[in-house]
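Encoded as structure tokens, the structure appears first; notes follow it.
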Amino acid sequence: MEGDSYGNATTINGTPVNHQPLERHRLWEVITIAAVTAVVSLITIVGNVLVMISFKVNSQLKTVNNYYLLSLACADLIIGIFSMNLYTTYILMGRWALGSLACDLWLALDYVASNASVMNLLVISFDRYFSITRPLTYRAKRTPKRAGIMIGLAWLISFILWAPAILCWQYLVGKRTVPPDECQIQFLSEPTITFGTAIAAFYIPVSVMTILYCRIYRETEKRTKDLADLQGSVSVTKAEKRKPAHRALFRSCFRCPRPTLVQRERNQASRSSSHRSTSITGKPSQATGPSTNWAKAEELTTCSSYPSSEDEDKPATDPVLQVVYKSQGKESPGEEFSAEEAEETFVKGQTDKNDCDSPDYFLSPAAAHRPKSQQCVAYKFQLVVKADGTQETNNGCHKVKIMPCSFPVAKEPSTKGLSPNLSHQMTKRKRMVLVKERKAAQTLSAILLAFIITWTPYNIMVLVSTFCDKCVPVALWHLGYWLCYVNSTVNPICYALCNRTFRKTFKMLLLCQWKKKKVEEKLYWQGNSKLP
């Protein structure tokens with residue numbers, strides 16, 4: 001052993017006996033190291049247990065993202081209970097006194113838990129990245145079951161990578177080369193192997209996580225800017241809210257028999273008993289043209305749809321007609337009404353070339369500059385045959401139903417053209433989603449930063465020792481390795497600092513107020529249930 005001044009040996013029956021097993025350190029060093037590491041270990045255990053209990057008792061924390069944090073807390077708890085205390089004992093005693101089997105079990109548990117922390121951070125980074133960049137496709141698949149599968153894979157990969165090699169390497173090579181009073185991984189005795197494991201276990205994951213976080217940050221900032229532009233676009237004045245409706249002429253030839261002379265006479269005789277058209281207005285057709293069928297909307301059903309590029313190449317026999325409808329009892333000639341009362345829609349009109357030769361449809365001026373996003377409306381029309389030059393309608397024709405168009409849904413619908421109330425609701429929802437995304441990104445950034453700060457010193461020393469074996473002091477090795485453990489202490493603090501729900505739940509649990517809160521909630525709901 002080094003340093004005879006640290007020893008305190010006496011003799012019994014001529015045999016030297018060492019009463020001071022901590023001969024590498026002075027007494028004050030032992031007390032300081034033991035006290036500091038014990039406090040850090042206690043904070044690590046309490047913090048990660050709080051994370052687990054909070055996830056259990058608070059349903060607001062049972063989100064997919066927090067499942068990954070729960071897995072990370074499990075790995076950190078293992079490190080806080082076993083790794084920190086055993087490694088501190090090894091440092092203070094200067095030798096391993098628990099035997100080779102306990103050494104291998106500790107190393108396997110230590111490396112599996114540490115690698116699981118890295119894998120969980122990698123999974124969290126990918127989860128955040130896909131949630132931000134592919135919100136429609138990925139979030140539909142983002143379920144607790146899938147999160148459990150990813151967590152299981154992270155632990156399984158970590159176990160396969162380290163546990164068999166640590167426990168079985170001495171049997172593969174035929175002997176154990178690690179001295180009895182030391183505890184280290186046998187196959188990491190070569191600096192080149194140590195260098196390779198550091199690259200695979202730290203530098204590659206950190207590089208991937210950093211790239212993903214940079215992209216997450218850019219996408220979040222882009223969405224923040226887009227949301228600000230969207231909020232500005234929906235802040236219109238009262239004068240802009242009330243716009244005159246664009247009347248659309250709807251004329252299409254259906255399979256309806258040409259009116260006879262008797263029917264025309266009846267139509268002219270029924271001018272005074274007309275029905276108000278609530279949705280479609282038109283003009284009389286020419287006498288030389290074919291019979292024109294005028295439609296009155298009875299029922300409608302709206303559905304959101306968005307056309308693809310293929311829909312822009314429709315033939316003329318399958319026209320897209322723009323229709324403006326109004327609610328009952330609000331129509332008057334020349335009356336202006338707000339966007340809440342009127343909607344511009346697109347309806348596919350089916351025509352038959354054998355029935356007519358006149359143009360199939362007319363579009364209002366607004367239709368020429370219609371944006372890509374559209375709303376389909378399924379109308380139930382009543383065909384009314386009009387005599388030439390008449391203004392009134394006849395209710396004696398057949399009913400024809402125009403089926404809704406089936407356009408493929410686009411990725412992100414626009415709020416342009418919607419009513420102000422609906423636009424405001426959509427903007428508010430987007431803002432809430434963006435706030436949640438930013439909070440999750442902040443939590444990820446804090447965890448990632450803590451991971452890089454605590455793990456980088458040790459892995460730099462690993463690279464240095466590959467080229468210079470004696471350049472890194474033993475004390476610095478111990479400090480760097482212990483600093484990796486401190487990451488497990490910092491993680492719960494990051495959750496509390498970045499997530500208000502975690503912070504409030506931690507506070508209630510530490511102050512023993514959670515049970516009181518549950519009782520108050522129970523009494524509140526019982527009181528409300530008794531109200532008439």
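Yeah, the Cβs are placed from backbone N, Cα and C, and that goes for glycine too.
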Which candidate, of N8, N13, Swiss-Prot gives the annotation N-linked glycosylation site: N8
Disulfide-linked residue for C103, taking Swiss-Prot as the record, within C168, C183, C214: C183
Swiss-Prot topology check: W28, R503 same side of membrane: no
Criterion met for the transmembrane segment (479-498) and the transmembrane segment (147-169) (at least three Cβ pairs under 8 Å): no
Cβ neighbours of C183 (disulfide bond) where a neighbour is any other Cβ within 10 Å: 21
Secondary structure tally of the topological domain 'Extracellular' (170-191) (DSSP, helix then strand then coil): 8 helix, 0 strand, 14 coil
